[in-house]
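Annotated in TrEMBL:
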- 83-511: domain 'Major facilitator superfamily (MFS) profile' (DOMAIN)
- 172-189: transmembrane segment (TRANSMEM)
- 195-218: transmembrane segment (TRANSMEM)
- 230-251: transmembrane segment (TRANSMEM)
- 263-283: transmembrane segment (TRANSMEM)
- 333-353: transmembrane segment (TRANSMEM)
- 365-384: transmembrane segment (TRANSMEM)
- 396-417: transmembrane segment (TRANSMEM)
- 423-446: transmembrane segment (TRANSMEM)
- 458-478: transmembrane segment (TRANSMEM)
- 490-508: transmembrane segment (TRANSMEM)
Amino acid sequence: MSSTQEPDKSPNPPIEEVEKAVSEHLNKDGTIHQAELGLRAHRKHFFAPFDPAYAAAVHRDAESVEYTPEEEWAVKRKIDNRVLPLVVCSYVFNQFGGSASCIAYDNELNASALLILPPDRNNIGNAHVLPAFNANYGITNNDKWTLALSIFYVGYCLLEIPANTPHRGQSFFIALIFWGLASISFTFGKGYPALIALRVLLGIGEAGYYAGMIYYLSFWYKRHELALRISLCMTGTIPGTIGGLLAFGLVRAHTSVLEGWQFLFLIEAIPTLIMAFMILFFLPSFPFSASFLTPRQRAIAQARLNRDQKPQSHGGMNGWAGFKAIVTDINSWLFTVLYAGFNIGVATIAYFLPTLIRNLGFSSINAQGLTVAPYAVGWFMVLFQSWHSDRTKDRGFHVMGSCSVAFTGYIILATTVHRSVGAAYFAMFLVVGGVYSLFPLVMSWAANTFSPTSKRGVGTAFIVSISNCIAIAAPQIYFDPETDFRKGHAISAGCLILACLMAFTIRTRLSMHNKKNKATLAALSKDEKEKLEAKGGDVWDNDPRYVFMT
């Protein structure tokens with residue numbers, strides 16, 4: 001009796017799927033899909049967005065491209081050489097453009113000296129102003145100047161989130177344009193209403209810049225590469241190091257047309273405006289549109305990110321959905337408290353560093369020069385903490401360490417400032433290094449925590465916006481000049497304790513989430529895991545596959 005073999009009734013896959021599978025298998029070079037659309041991304045005109053089809057093509061090439069560690073390293077270095085210098089220079093020149101307005105009125109010592117502290121555009125050094133500047137802008141008392149400082153935050157806080165919601169790419173040049181034009185306007189403006197109006201414009205220009213640049217860098221670098229890059233691009237210690245020396249020379253310039261303070265505004269505005277147009281023309285928006293990379297390198301640049309965090313330059317939830325996702329996420333509020341805690345220290349030390357040094361017995365001019373050293377040393381601490389944090393892939397312990405360093409500095413100031421000049425000056429090094437190293441650590445940690453991409457963009461803006469509202473009142477904690485601001489130092493130290501506790505809480509919480517996600521993944525069946533892997537786009541932060549940095 002012969003047996004008849006049953007025919008194979010399993011359905012054959014469609015020809016299109018077979019061709020796609022073969023194409024993906026052969027696309028080890030990572031250029032096939034880009035070649036179908038042309039070797040460069042296109043857009044209708046200079047200010048139009050890029051064709052999303054090209055972004056999709058690069059993502060498809062990135063799925064199958066194969067590359068060596070050496071090739072990845074070479075691509076990362078090309079990105080470092082093109083993106084980082086432009087972002088660093090834009091931040092430094094933006095600081096200098098803003099520093100032209102960083103002149104605080106001192107009605108106790110109305111000396112002919114000007115101290116500029118530009119480590120952040122909204123942290124205005126408590127310094128001496130030239131009498132000509134006071135007369136020009138009608139600053140007759142300290143209350144008027146305090147109002148001029150606070151009005152900055154109106155546009156800044158209100159517009160921070162909306163300004164950071166769209167994927168704007170190279171449009172950060174708008175902030176530089178605002179700052180450059182405002183600086184020039186300060187040169188020729190006159191009267192107190194003009195001062196108020198210019199401060200409002202400065203706040204509008206600031207909105208979206210700092211958080212936006214952090215968001216922008218997340219499209220180029222892996223999560224464990226962000227802290228070092230942010231520290232290079234956005235640490236206030238860089239302009240703080242040279243700001244005092246710059247002001248020291250500029251305010252002495254004088255012609256029959258311009259006073260010294262007008263030279264300061266004018267000269268600091270010019271490089272800011274030049275940098276704005278360099279950003280506009282030379283800063284690429286996303287890896288898929290980077291003309292300085294070859295098609296294969298664009299695929300590699302995207303692949304290295306997709307295998308780490310899958311940032312999406314197009315599509316996903318809209319800004320409102322991202323906002324709702326952020327306000328309902330407890331992590332965003334914990335990060336906001338953390339940021340606000342150390343930001344009080346940043347604001348106060350930046351406001352009062354020249355005054356603190358002058359109160360140690362130095363002249364105003366010498367105090368101006370002595371602000372340079374703490375920022376120079378602080379810059380090395382910022383770089384070391386960020387580098388070591390990326391190397392160890394740790395954020396929480398490094399944040400707690402920087403909080404402890406700054407806390408120690410404030411305690412020394414609160415207890416010995418009236419007894420030891422050397423100890424007090426040494427403490428300022430600890431404070432500057434500690435609080436400024438927290439910027440890249442905390443913001444890269446926050447960017448690593450939120451996903452999808454649109455939530456990350458809104459989240460970084462939310463933290464900066466809400467936390468900077470505290471900066472309106474931060475200078476008021478230094479209400480005790482008769483006791484060398486010892487109570488103010490103690491309050492700042494207390495805020496850093498709060499920041500340290502928040503860092504501990506966040507780290508513990510995220511570690512528990514990672515353990516829970518690991519257990520959830522282990523319990524999933526093979527089919528359930530395949531369904532998860534089949535999902536396209538970002539891996540959301542509520543997905544069991546998402547691994548939080550701690």
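Note: Cβ is positioned from N, Cα and C throughout, glycine not excepted.
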Quick check for me: are there 3+ Cβ pairs below 8 Å between the transmembrane segment (396-417) and the transmembrane segment (490-508), leaving out pairs under 6 residues apart? yes
Given the cut-off of 8 Å on Cβ pairs that are 6 or more apart in sequence, determine whether the transmembrane segment (333-353) and the transmembrane segment (263-283) share at least 3 such pairs. no
With a Cβ cut-off under 8 Å, give me the same-chain residues at least six positions beyond the ends of the transmembrane segment (423-446) that come close to it. 119, 211, 214, 223, 226-228, 230-231, 234-237, 240, 332, 335, 338-339, 342, 345-346, 349, 353, 356-357, 360, 370, 373-375, 377-378, 380-382, 385-386, 389, 395-396, 398-399, 402-410, 412-413, 416-417, 459-460, 463-464, 496, 499, 506, 549
Please average pLDDT over the domain 'Major facilitator superfamily (MFS) profile' (83-511) for the predicted structure. 78
The transmembrane segment (458-478): which same-chain residues, six or more beyond its ends, come within Cβ distance under 8 Å? 122-123, 126, 146, 149-150, 153, 156-157, 160-161, 163-165, 208, 210-212, 214-215, 319, 322-323, 325-327, 329, 332, 335-336, 339-340, 343-344, 347-348, 351-352, 443, 446-447, 449-450, 485, 487-488, 491-492
Which sequence-distant residues neighbour the transmembrane segment (172-189)? Criterion: at least 6 residues beyond either end, Cβ under 8 Å. 90, 93-94, 97-98, 100-101, 121, 136-137, 195, 198, 201-202, 204-209, 212-213, 216, 258, 262, 265-266, 268-270, 272-273, 275-277, 279-280, 283
